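A short worksheet on the structure shown next.
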């Protein structure tokens, strides 16, 4: 059944926001982002009070709230084509691209440049949503993940996968409208792109090592399946997305420049 508009924040019980525990880490991450990718600070707030309508994953992923968010987003996407049959899979795929696309780059920058590892567990993040239903900004209660601090860049990226990304994919897959593999495919493309963006900062050797571990190893170091495995593949000497993100099925949405269907 296609999503249509409904009251957005009905029956949401707001939880007390976590108190910041490591202001020095917040300052260091903010300074690094400001120096290298200042525009990221437009949609990630570190140890700043979150607005009351910002939600943790546990809150926005509840069936009523998520259905309302997707309904509002559907109304926005189909606003100029009201008679067109609505498709939920490409809609959720694009919604997830917004969510993960705004979340992952600053977290990669934090995890791969700081001595202390940022705790990326979902309870430390509040998402503020745009009036169109997609995410607009993340408010982060900055804490150190003492277990991840001594880890290598590869292990830190695996922490990002297991703690920050898996819960998001599982929440969206629970709608029954999308296969998580599509979201992981989009996410692999994003991470590969941002590794290229970070090459000057991290060095080519580190970036290539991370690419191999993230995209060409079938399992993570803990033995679990690697959801990013072969989400990008080598074609004509370049790593490219393996599957289409499906946005071409939505009205008035710009197609990817390197769409696999071309």
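Along the chain as shown, residues are numbered 1 onward.
Cβ coordinates are placed from backbone N, Cα and C, and glycine is handled just like the others.
Take the CB of residue 244 ([2Fe-2S] cluster binding site) and look out to 10 A: across all protein chains shown you find 19 other CB atoms. The [2Fe-2S] cluster binding site annotation in Swiss-Prot covers 244, 245, 256, 259.
Put plainly, the binding-site residues 245, 256 were compared by Cβ crowding within 10 Å, and the winner is 245.
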